[in-house]
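First the structure, in the form of structure tokens, and then the observations on it.
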Amino acid sequence: MPEGPEIRRAADNLEAAIKGKPLTDVWFAFPQLKSYQSQLIGQHVTHVETRGKALLTHFSNGLTLYSHNQLYGVWRVVDTGEEPQTTRVLRVKLQTADKTILLYSASDIEMLTPEQLTTHPFLQRVGPDVLDPNLTPEVVKERLLSPRFRNRQFAGLLLDQAFLAGLGNYLRVEILWQVGLTGNHKAKDLSAAQLDALAHALLDIPRLSYATRGQVDENKHHGALFRFKVFHRDGEPCERCGSIIEKTTLSSRPFYWCPGCQH
């Protein structure tokens, strides 16, 4: 599943294609959304927001399209009139004079009013987004030490969208390697220095991945700073200590770590 940096990059691509342009055609696959088609023609997308792995497309009439890609959903940008060759099922089409954005295969799609936006169950549940520029290491540290999270093992906590939205497995693996910890630690047991390092890494690594065009299927980004230090590198030497990186399973997900420098 794409993680926060990939979702934000997808949002950037959608904004670049149609933001501020009048919609000339709107189509939804689901019957409960059909009534919104005519309401949106002539309106425009004001901005595309991410909340962890959910995407919010805001329209000029106050409505917001909520979509969560889950495992299979994918957005595409095409020239208007172009019909991509794909076996995927089209769910949403938002068309402008020159560009069209298409959502395929997703099933978790809703139209929300401003009031519904504040009460939506998923949006209520997710924690602060790691890519929100207003989120600080101090706030992250407070969350780590809060009664709700301080006794949770990092193996599960760093996958829990209620803790911080936008984290996922490759980020969990890279963050824990960066701070030299294994997944069985809890925030309540860390030293002040370890807590500080973790709070910074929880923001720095997702933001670096986003800023340097972090693609999960590329091991190295040409000319960029972000690359996987342990993710998908089992059997290779750790660049920090030389020990061989191992692969195991933590919280039902593949976990990569260095037994030499993660304790």
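Every residue number used here counts from 1 along the chain in the order it is shown.
Cβ from N, Cα, C; glycine included.
Pulled from Swiss-Prot, these are the features on record:
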ACT_SITE  Pro2  active site, schiff-base intermediate with DNA
ACT_SITE  Glu3  active site, proton donor
ACT_SITE  Lys53  active site, proton donor
ACT_SITE  Arg253  active site, proton donor
BINDING   Gln70, Arg125, Asn169  DNA binding site
ZN_FING   229-263  zinc finger
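Distribution of Swiss-Prot features across the structure.
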| residue | record | DSSP class |
| --- | --- | --- |
| Pro2 | active site, schiff-base intermediate with DNA | coil |
| Lys53 | active site, proton donor | coil |
| Gln70 | DNA binding site | coil |
| Arg125 | DNA binding site | helix |
| Asn169 | DNA binding site | helix |
| Arg253 | active site, proton donor | strand |
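Beyond the zinc finger (229-263), the same-chain residues lying 6 or more positions past its ends with a Cβ under 8 Å from any Cβ of the stretch are 155-156, 159, 169-170, 172-174, 176-178, 180-183, 219.
According to DSSP, the secondary structure content of the zinc finger (229-263) in residues is 0 helix, 12 strand, 23 coil. Remark: of the binding-site residues Gln70, Asn169, the most isolated position is Gln70 (fewest other Cβ atoms within 10 Å of its Cβ). Counted within 10 Å of its Cβ, the other Cβ atoms near Arg125 (DNA binding site) come to 13, all protein chains included. In this structure, the CA atom of Gln70 (DNA binding site) is 8 Å away from the CA atom of Lys53 (active site, proton donor). Highest local Cβ density among the active-site residues Lys53, Arg253 belongs to Lys53, counted as other Cβ atoms within 10 Å over all protein chains shown. When the CA atoms are compared, the recorded positions lying within 10 A of Glu3 (active site, proton donor) are Lys53, Asn169, out of the candidates Lys53, Arg125, Asn169, Arg253.
Per-residue confidence over the zinc finger (229-263) averages out at a pLDDT of 95. Recorded residues Lys53 (active site, proton donor) and Pro2 (active site, schiff-base intermediate with DNA) have their alpha carbons 8 Å apart, per Cα-Cα distance. A simple Cβ count within 10 Å picks out one of the active-site residues Pro2, Glu3 as the most packed, and that one is Glu3. Rounded to a whole number, the C-alpha distance linking the residue listed as 'active site, schiff-base intermediate with DNA' with Asn169 (DNA binding site) is 9 angstrom. In this structure the alpha carbons, written CA, of Arg125 (DNA binding site) and Arg253 (active site, proton donor) are 22 Å apart.
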